[in-house]
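Working notes, structure below.
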Amino acid sequence: MHFSTLCIVSLAAGSALAAPVQPHESGGKEHIVIISNEQDLPTYVEEVLERLALNTSHPDVRQIYNNSAFRGFSANMKSHCLDLLANMSDINVVEEAVSVEGLVMKASLPERSDPAMQQRDGQYYATRSNAPWGLQSISTTSPVEGSTSAMDYTYSYANQDLGAGVDVYVLDTGIYTDHTIFGGRAKMIWSYDSQFTDLDGHGTHVSGTAAGAILGVASNANIFGVRALDANGGGWSSDVVAGIDFVIQQHDKRKSEAASNNFKGSVLSMSLASAGQVTAITQAVQAAVGAGVHACVAAGNSDVDACSASPASAGGSAGPAITVGAVDMNAKRASFSNYGSCVDVYAPGVDIISAWIGGTNMINQLSGTSMATPHVTGIVAYAMANATLAGNPALMKEWISMSALDIGDGILLANNGVKGGNSEGLLGFSKKAIEGNSGFVSTTSVPASTDGQTVAQSTPLKMARRPYSSGVYRSGLCRRNGVSRGSKDVWLCRAAKRGLTGLDNLVSDAEKLRHSIVDS
């Protein structure tokens, strides 16, 4: 999903908390305020608000950020409040809240075969048949050939945990938790408003790729929906920061209870992008990783340097997050995908089949770095079976890069380490994950067993259609133009228009799969 963003930051030193020169006046624009980490008292947010003639219950105060990694708030403020903040020495960020904007056929998925453990050179790995092409791509060294609409590919993995004990937080439009492929593992836990479901579909699709049965990478992980975007796929940067704040609080709570809940760690998945830098979002992502939360973020869909956008700029060689670009089935960078030094790895992001809203068996086929990101989110959750990787986001980020396939043209293609049954780099084999060890693989052998998925196979999944009619597009969406320039597809992107909600009638025309939605 694409987000238009302006970055307005005031980092000013001056006298400490001075008294307000005048009472607070309502009617100002919403701004995000992040307090310096040097001020770690839980009450410091209240003290700053008091100096602005505000308090936590004032109607102009929209969000309070109060976790172990950062503190702050968002509030509607006029210039006199902003002037006061500019003269407070312990304020890190003052930034205006901006808007963020985050095929089609009737199809029945074939029954999934229970995975059988296979042995090669004394090493064990499992395969899952009837998978979408993206899952084969991330678990093999060979090119993937065939139709992106088919469900006849093979997913290979070496660890039967498949994310068991890992919490995957999908910060997005919400999750349709009743969907068949989640098998009761998905739960909505936070929303910026009173809607605790997915009214758009994007968050459900992302969740299905990250951790859904049949269609997902880490199909035994817990899936938690953090709804920061609305039914039209848009939202505000202040709510994105508030969602991250909640994730850190939940991570700390789960970590404190790890002995009783089999908790292994947390992964934050953010399939959203901005048109420019948003310092508050970038700092919040950095703080989450600092608190021990692994973070996977989308590179963006503008075919530009990913370092120009947030949260993508929080990754790469200089950032702690894992920024993910998109490739097609031919392992070529998707023509819409952002690129550059802030991108850590690329993953399948064109014509990806995953869960959808509108019914417990609905699926949809979308394209974008939004679809690429949850593939890597799932790999991270899967790899957290290794306790050393689970407890060290920096080491996990390095393992993700080391396990990826260098296919040239600056593309590191994400891989779960199984590489089609090849024991080289296989998670679960031979080497212990310790800092300085380029193998980053555990010594634990994997017993033969099923993968624990609980999908009711008697219920067929059906493809939904969300077409592009003249002039009606969701914010930030793109579509193929049906023509090519050289070797690159041409994608048409349109500005936001409201009013396209829900699902249209199912159609059986397989050719309409060519008009895939692109989300970032």
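Backbone N, Cα and C define each Cβ position, glycine as well.
Taken from TrEMBL, the feature signal peptide covers 1-18. Here TrEMBL flags 163-412 as domain 'Peptidase S8/S53'. The active site, charge relay system feature in TrEMBL is assigned to D172, H202, S370.
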Separation of alpha carbons, D172 (active site, charge relay system) and H202 (active site, charge relay system) (Å): 7
For H202 (active site, charge relay system), the number of other Cβ atoms found within 10 Å of its own Cβ: 30
Rounded Cα separation (Å) that holds between S370 (active site, charge relay system) and D172 (active site, charge relay system): 10
Cβ packing number for S370 (active site, charge relay system), 10 Å threshold: 34
Local confidence of the domain 'Peptidase S8/S53' (163-412) - pLDDT mean: 95
